[in-house]
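Presented below is the structure to which this report refers.
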Amino acid sequence: MTSTVTSLQHAFGPVLKPAAWANGKVMRLREWLYRRGLKPSWRPAPVTVSVGNIGWGGSGKTPIAGWLLDWAEANRKTALLLTRGYRAKPERYPYLVRPGALAEEAGDEPLMLACDHPKAHVVVDPVRKRGGRWGVKRFKPDLIVLDDGFQHMAVRRHSNLVLLKPEDLGEQWNRLIPAGSWREPASALARADAFLMKVGPKNFHRVEPRFKQLLGHLRKPLFTFQVVPTGIRQVTGGAAKRDFDNENYLLVSGVGDPALVERTATRHFGYKPVKHLIYRDHHAFTKADVNAILAAAQGHGCEAILCTPKDAVKLGPLCNKQFWQFDLRVEFGPSTIGPKATFAAWWPRHFERLRTLSAVHGPQSRLNHETGDDNG
């Protein structure tokens, strides 16, 4: 789907450029109105960090948001995650997502985060300042995470973490929707406190010169990370193991980058799936889908069926013990600060600085890009 859209954008680029130019003007005006206080925004007192990106498409926001929730729990801090909940349809808002909720009510990614981080408070509300006020009053969090919040300026934040993809520094640079994938013009990146990119060390050294050329003047670090499998476990609960012991397996995915899922599976097991059934991102699996998947597995001689954690929360109520999901972990790599200066080392210091600023300025603290740089 993404490659098809990109091909169409290239083919009709000259026609789409005027619309992209107009979109950029609108986004600049919108930012200006929020910065001047001409559009109302809520300023939460707890340390608030946005995890977002400049364009659409999978960049790794959800794993980074999950890592922040893990960090909060490990450091005995109460965390509140605010998300609009793409395709979520609860009976009322704000909606507190609990493990065991229905994916059609909570949305697949909020439910996955709630299941993986049961001590965090995941709140779905398309009006995030409403959900935020409710969550702050009820849970008194130490940390608020704004999921996909870079463009959501109705909630003030103390820090912006912006995820980039390698193509953002290449063919997609400053190409706005509909001519490209960017939601805002490059000038918006001045709001970032740090950048993150899902690449390994080799690819980082390829993109680092380009990053410094395009964004070095901002004096903000670029951190790298990878999402790596540590093993597999049954979707229905119970068994966990390292791999399939060289047995054939069927792969099922309904995510934004199915090719990445297949590469990850191949790298982990050392061999490709016999068949990869690809569904649209955020696909709502039905019993008919599960029956078709089981039939495909039987037809290809596969006892095991592998899916992503995001798909597992939707398949769980429908599937049997043949279905397995990856256990995943975020691993941080080199950065523009240095080979050992990882995000995991930088974040605690950054959080303490933000907490100090929050204590001094309270809920009136401004967007971070108005308070100065922080590279350390």
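First residue shown is number 1, and so on along the chain.
For all residues, glycine too, the Cβ spot is worked out from N, Cα and C.
Pulled from TrEMBL:
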BINDING   GLY55, TRP56, GLY57, GLY58, SER59, GLY60, LYS61, THR62  ATP binding site
Could you check the binding-site residues GLY55, GLY57, GLY58, GLY60 and say which one's CB has the most other CB atoms within 10 Å?
GLY60
Show which residues of the chain containing THR62 (ATP binding site), separated from it by at least 6 in sequence, have their CB under 8 Å from its CB.
GLU109, MET112, LEU113, ASP147, LYS310
Within the same chain, and leaving aside GLY55, TRP56, GLY57, GLY58, SER59, GLY60, LYS61, THR62, name every residue whose CB is within 8 angstroms of the centroid of the CB atoms belonging to the recorded ATP site, in sequence order.
ASN53, LEU163, LYS165, GLY256
Packing count at TRP56 (ATP binding site) (other Cβ atoms within 10 Å of its Cβ):
15
Determine, from DSSP, whether GLY55 (ATP binding site) sits in helix, strand or coil.
strand
Quick check: in three-state DSSP terms, what is THR62 (ATP binding site)?
helix
List the same-chain residues at least 6 positions away in sequence whose Cβ sits under 8 Å from the Cβ of SER59 (ATP binding site), in sequence order, or say none.
ASN53, LEU163, LEU164, LYS165, MET197, LYS198
